[in-house]
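Taken from TrEMBL as is:
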type	residues	note
TRANSMEM	12-31	transmembrane segment
TRANSMEM	90-110	transmembrane segment
TRANSMEM	130-156	transmembrane segment
TRANSMEM	177-207	transmembrane segment
TRANSMEM	291-312	transmembrane segment
TRANSMEM	319-340	transmembrane segment
TRANSMEM	360-379	transmembrane segment
TRANSMEM	399-417	transmembrane segment
TRANSMEM	454-478	transmembrane segment
TRANSMEM	538-560	transmembrane segment
TRANSMEM	566-584	transmembrane segment
TRANSMEM	643-665	transmembrane segment
Amino acid sequence: MGLMGETLTQILIPLAAIVGIEFALLQWFLVSKVRVSNVSGLNNGYMNALIEDDEQEEGVDNDEAVEKCAEIQNAISLGATSFLFTEYKYLGIFTVVFGAIIFLFLGSVKGFSTKSEPCSYNPGSLCKPALANAIFSTIAFLLGALTSVLSGFLGMKIATFANARTTLEARKGVGKAFITAFRSGAVMGFLLAANGLLVLFVSIHLFKLYYGDDWEGLYESITGYGLGGSSMALFGRVGGGIYTKAADVGADLVGKVERNIPEDDPRNPAVIADNVGDNVGDIAGMGSDLFGSYAESTCAALFVASISSFGISHDYTAMSYPLIISSMGIVVCLITTLFATDLVEIKNVDEIEPSLKRQLLISTILMTAGIGMVSFFALPSEFTLFNFGTDKIVKNWHLFFCVSIGLWAGLVIGYTTEYYTSNAYSPVQDVADSCRTGAATNVIFGLALGYKSVIIPIFAIAVAIYVSFSMAAMYGIAVSALGMLSTIATGLAIDAYGPISDNAGGIAEMAGMSHKIRERTDALDAAGNTTAAIGKGFAIGSAALVSLALFGAFVSRAGIKTVDVLTPKVFIGLLVGAMLPYWFSAMTMKSVGSAALKMVEEVRRQFNTIPGLMEGRAKPDYATCVKISTDASLKEMIPPGALVILTPLIAGTLFGVETLAGVLAGSLVSGVQVAISASNTGGAWDNAKKYIEAGASEHALSLGPKGSDCHKAAVIGDTIGDPLKDTSGPSLNILIKLMAVESLVFAPFFATHGGLLFKLL
C-alpha cells in the first residue's frame, strides 16, 4: 500500500476539484468588476474615474465608445449562443442515436443475458454480465458528452463576457488588458479541469454502487466517458472551425484584398460572423477537445490499471493515481496563474509573450515536484502491471519518470511550436520576407516551415513513448499522456487568452477607438496567435500519446497477442488508416472553401448594392453573413464526423480486430504529422502578416504598410492558412483519439462478432 489512505484520497480529489471551481469563480468575479454598461449618471462618473487623466481617449467620446463596445459584445454573444444552441440540438439527436448503438452492440456480446460470467483477465472469479457493461458504458458516454458540451459552452460564455472588458481595460494600458484577458482564460481552464475531474470521480463512485468488487467491469464501462467527451469535441471542433473560417476568409478576401479596408472594419458585413467564429471555434471547440483528451487519457490509465495488480488487489489509492495527478495539476496551475495576474505586472507590449511562456515553464517545474510527491505517497513501492499477457514489475519512481517525461515533452512541443509560429524568431520572419516576391513564394516558404516544424515534436513524442513504455508498459504511456495534460488549466488559460484578445481587437476597431488602443490589442492578439498554436501543439501531442495508450488498451481488451505488420490483414489496415487524415482534411478544407465562397459573394453583393456602405453612411447586414456561416457549418460537419465515427465500426465488424488495429496505428502515425504541420503553417502565415502590419522593426517596415503588394501577399498566405490552422489541423487530433477510444469501447463486440468478411470467405 502507498502512504496515502483510501479515505484521504476520497477527500483530496473532490476537494481539489472544488477549489479549482471556486478559483474560477473568483477570477470571473474579478473580470466582472470591469463595467460595460452606462445606465445612470453614477456609472458615468465611475467610467470617467476609470480612465486616468493623462490617458484620455482621443478617438471617440467615452460614453459613446463604451456603449458601442457593449452593443458589439452583445451582438457577438447572441450570435455565439444561438449557433451553439442550434449545434447542440443536432448533437443531442446524435448522442441519443449513438448511445443506443453502444447499448445494442455491447449488449449483444452475450445475447443480452443477465447472468454473471467469469472475468476476462481473472477467470477464477465472477464478474458482472456484459449487459451491465452495455448499460453503464452508455451512461458514461452520455455523462462525457454532457460534460464536454458544458465545458465548451461555459468557455464561450466567459469569452464573450470578457472580450469588450479587455478592450475597455486597454484604455488604461496594456498590462490591465492583459490581466483581464488572461483571467477570463483561466476561468475556462479551471472550470474545465475541475469539472472533468469531479464528474469522473462522482461517476466512478456511483458505478461502484453496482459493480462492487468487479473493478475490471467498472473501469471498462468508464471508458465510455472519454468516448462521449471526444465525439462532442469532434463536432464542436469541425462545426466551429468551418463557421469561423468561412467568415474569416470571406471578410479578409473582400475587405483587405479588394476594398483595402482594415481587418474588423465595421463596414465589412462578415465582421460579426468572424468574431462570433473565434468564440465557437477556438474557444468552445478547443474546450471540448482538451476535455476529451483529458477524459480519455484518464480512462485509458484507469482501464489498464484495473487489469493490473492495483485492480486485482483493490488498492484504491494506487488505482486513483491518474485522478490524484489531475488534482495536483489543478493546485499547481492555481499557483502558476497567480504569477501572471498578481505577482508580476506587465508594463510593456514586449513583456506579453514572455509572460505567457513563463506560465508554461513555471507550471511544468512545479508540476514535476508535484508528481514526485504523488508518486511517493499514493503508490506502493513495487507492483506488477499487465503487459500483453505477461506481468511487469514496476517501482513507484518508474511512474514518476513516465508522468514527468510526458509533461516535459509537452513543454518541448509547446516551445518548438512557439519558435516556429512567433514573429519574434527567424522562421516567421523568413516567411514574411518571402512575401516580397508575391504570394507564391510565401506559400512555398510557409508549407516548408510547417513540414519542418514536425521534426522536434515527433522526436519528443518518440522519446516519451520509448521511456514510458520500457518503464511501465502501456500504463506508462497512459500516465505519460496524463502528465502532458496535467497542467491543462494553465494550457487552456493561455490558449483561450488568444481568441479573447482577438475579439477585443475587433471590438476596438468596430467601436472606432483610437489608434493607440488598437495597437495594444494587436500586440495582445499577436501573442495570442502564438499561444493558440502552442495550445494546438499540446492537443496534438497529447492526442498521440492518448491514442497510443487507448490502442494498447484496445489490443489487450480484444485479446490480440501481437499486432504483426507483415500479415496482410494488418498491413491493409495500416495503409487505409494512414489515408484517413487526408480524406478527413480534404472534407474539412473543401467545406471551408465552399462556405467562404458563399460568404465572399454575399459580402461583395452588399458592397455593390447597399448605397453609402463604403462611406460609412449605411449599416451592413451582418445577420445574413452569420446565417451563411451557421448553415454551412451545421450541414458540412456531418460528413467528416460520419467518416471518423463509422470507420472503426465498419473496420471492426467487417474485417475484425487485427485490421482495425492496423487502421488505428496508421491513422495515428500519419495524423500527427499532418496535424502539426497544418496548424504550424497556418499560425506562421498569420503571424507573418501581423509582423508586416505591425512594422515594429526595420525589416518589417521595409516590407511595406498595410495595403502594399507585400502585405497583400501575406494576407493571401494567412487566408490559405486559416482552414489549415483552425479547421483541419486541430480536428485531426480528435480523429486520432476518437477512433481509438471508440474501438476500445466496442472491443468486446468486435472480439466476439467482428471480422464477418473473413469468416464468410
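Glycine too: its Cβ is placed from the backbone N, Cα and C atoms.
TrEMBL does not curate its annotations; it predicts them automatically.
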* **Proximity verdict for the transmembrane segment (643-665) and the transmembrane segment (538-560), three or more C-beta pairs under 8 Å** => yes
* Structure fact -> One stretch in 12-31, 319-340, 454-478, 538-560, 566-584 has more Cβ pairs under 8 Å to the transmembrane segment (177-207) than the rest, namely 12-31
* Structure fact -> For the transmembrane segment (291-312), the candidate among 12-31, 319-340, 538-560, 566-584 having the most Cβ pairs under 8 Å is 538-560
* Which stretch from 12-31, 360-379, 454-478 shares the most C-beta pairs under 8 Å with the transmembrane segment (319-340)? -> 360-379
* **Contact call for the transmembrane segment (454-478) and the transmembrane segment (538-560): at least 3 Cβ pairs under 8 Å, seq gap 6+** => yes
* Folded-back contacts onto the transmembrane segment (360-379), same chain, C-beta under 8 angstroms, at least six residues removed -> 2-4, 9, 317-318, 320-321, 324-325, 328-329, 331-333, 335-336, 339, 396-397, 399-400, 403-404, 407-408, 410-411, 414-415, 483, 486-487, 490-491, 494, 534
